[in-house]
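S.K.: Before I ask anything, here is the structure I am working with.
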Amino acid sequence: MTAERIETLKARALQAMQGAYAPYSHFRVGAAVLAADGAIYTGCNIENSAYSATCCAERVAVFSAVAAGARQITAVAIVSDSQGATYPCGVCRQVLSEFAADGEMQVYCGSAGGQWLETTLSRLLPHAFKAADMPGHEEKE
């Protein structure tokens, strides 16, 4: 992936963060995922007073991609308005792994202040639970 494409992904995550609905935690997060076909889908965190109904930005972005027909994601950028880089929570890591192209994904973790760290999904979730781990199921296409 080109440096320009990475910067576009990060910028889209920052833009998505502006739409966050976080009246309880005041922790705004934006995410952008890059589908294998080159399309970018974004999401922001959406909180709810029944906190378990809250949805993270990463999942909103993935669900938008899937709703549009994407099934493989090659990269994700996550950003918040906190001081340090923002990493995906455990649930989001698992959801990302479901749609990781060839089982891997580049992950860009950032802050609104401009700090960005790059890693991979396999580093963040080294032993992901996959369909092949369930009896009678094969790895998805």
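Yeah, the Cβs are placed from backbone N, Cα and C, and that goes for glycine too.
Quick paste from TrEMBL:
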- 4-132: domain 'CMP/dCMP-type deaminase' (DOMAIN)
- ASN45, ILE46, GLU47, ASN48, SER49, ALA50, TYR51: substrate binding site (BINDING)
- CYS56, CYS89, CYS92: Zn(2+) binding site (BINDING)
- GLU58: active site, proton donor (ACT_SITE)
S.K.: What is the total of other Cβ atoms whose distance to the Cβ of TYR51 (substrate binding site) is within 10 Å?
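M.R.: I count 9 other Cβ atoms within 10 Å of it.
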S.K.: Among the binding-site residues ILE46, ALA50, CYS92, which residue has its Cβ surrounded by the fewest other Cβ atoms within 10 Å?
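M.R.: Relative to the other binding-site residues in ILE46, ALA50, CYS92, ALA50 has the fewest Cβ atoms within 10 Å.
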S.K.: If you run the three-state DSSP split on GLU47 (substrate binding site), which class comes out?
M.R.: coil
S.K.: Compute the C-alpha separation of CYS92 (Zn(2+) binding site) from GLU58 (active site, proton donor), stating it in Å without decimals.
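M.R.: That comes out at 6 Å between the alpha carbons.
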S.K.: For GLU47 (substrate binding site), which residues of its chain lie six or more apart in sequence with Cβ-Cβ distance below 8 Å?
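M.R.: Listed in sequence order, they are TYR21, ALA22, PRO23, TYR24, SER25, THR54.
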S.K.: Here the binding-site residues are ASN45, ASN48, SER49; which one has the lowest number of other Cβ atoms no more than 10 Å from its Cβ?
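M.R.: Among the binding-site residues ASN45, ASN48, SER49, the lowest count of other Cβ atoms within 10 Å belongs to SER49.
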